[in-house]
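Novice: To start, I am sharing the structure in question, which I have written as structure tokens.
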């Protein structure tokens, strides 16, 4: 379990540096929608492989549509969120998105508490707020380019504020809703993943062709893109295990801890420098872990 969570932290933390490595003349040369489709396809293939390996006896079992349909809504919520991330960049700068997207920790925790009826005491709420503080601190300048401007300026429009609010709401709702499905159904996880990623492939493929992306499906792809696809697919399967056997709160801690990996890779690969805000973020994460898991 610990190795699996550590792998997930590493994958989350390496995602942004890998994307930076893929850039050509400062621009990502491939379609992000195509990458999402490939990730969903890979997850579907891995789920089918797990199903054939460990749960082959279920292939002849009749499955009710009541078991399948809920995953369509889950896939729809995830697809909507993926497209919203791209669209709302038009109404704010990347730095503002990085800062405000940390609010999805609060929205996820609120929906987790309300919809799943899991009571979080004051100490645990404080821990989650510390995770938000860690994310904001790191986003506001945990890393610094020695040759770049020292001051970060944020910009967002009123439409951007609405979109970031909707994004945080859908992000929390999709995660909590998926956890509820995975836990309430008696089906094995491999079969549940197969249903989820089948709808994921279907909806994201429709989104790709609807967007009318110029160029070929694999245009601009490189070996680094292949690494991103495989790592993100693997991480998706790990998060399914986390939501099935643990909770979305564990997922939030994994995402927050990935800051450490992201920072170390950015320093090693791009000669960026750690600032005081990075160490503030580290302290906040350490206190949050201690408050949520270490104090009885």
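The count begins at 1 with the first shown residue.
Glycine is no exception: its Cβ is also placed from the backbone N, Cα and C atoms.
According to TrEMBL, the protein carries these features:
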TRANSMEM  32-51  transmembrane segment
TRANSMEM  58-79  transmembrane segment
TRANSMEM  99-116  transmembrane segment
TRANSMEM  125-144  transmembrane segment
TRANSMEM  156-182  transmembrane segment
TRANSMEM  194-211  transmembrane segment
TRANSMEM  223-242  transmembrane segment
TRANSMEM  249-270  transmembrane segment
TRANSMEM  276-295  transmembrane segment
Novice: Is the transmembrane segment (223-242) packed against any residues at least 6 beyond its ends, judged by a Cβ distance under 8 Å, and which are they?
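Specialist: Residues packing against the transmembrane segment (223-242) from afar: 4-5, 7-8, 11-12, 14-15, 18-19, 21-22, 30, 35, 38-39, 42-43, 46-47, 182, 189, 192-193, 196-197, 250-251, 254.
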Novice: Give the one range among 32-51, 99-116, 194-211, 249-270, 276-295 whose Cβ atoms make the most pairs under 8 Å with those of the transmembrane segment (125-144).
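Specialist: Highest pair count goes to 276-295.
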Novice: Taking a Cβ cut-off under 8 Å, which residues six or more beyond the ends of the transmembrane segment (99-116) line up next to it in the same chain?
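Specialist: Distal contacts: 92, 125, 128-129, 131-132, 135-136, 139-140, 154, 156, 164, 167-169, 171-173, 175-177, 179-180, 247-249, 252, 256.
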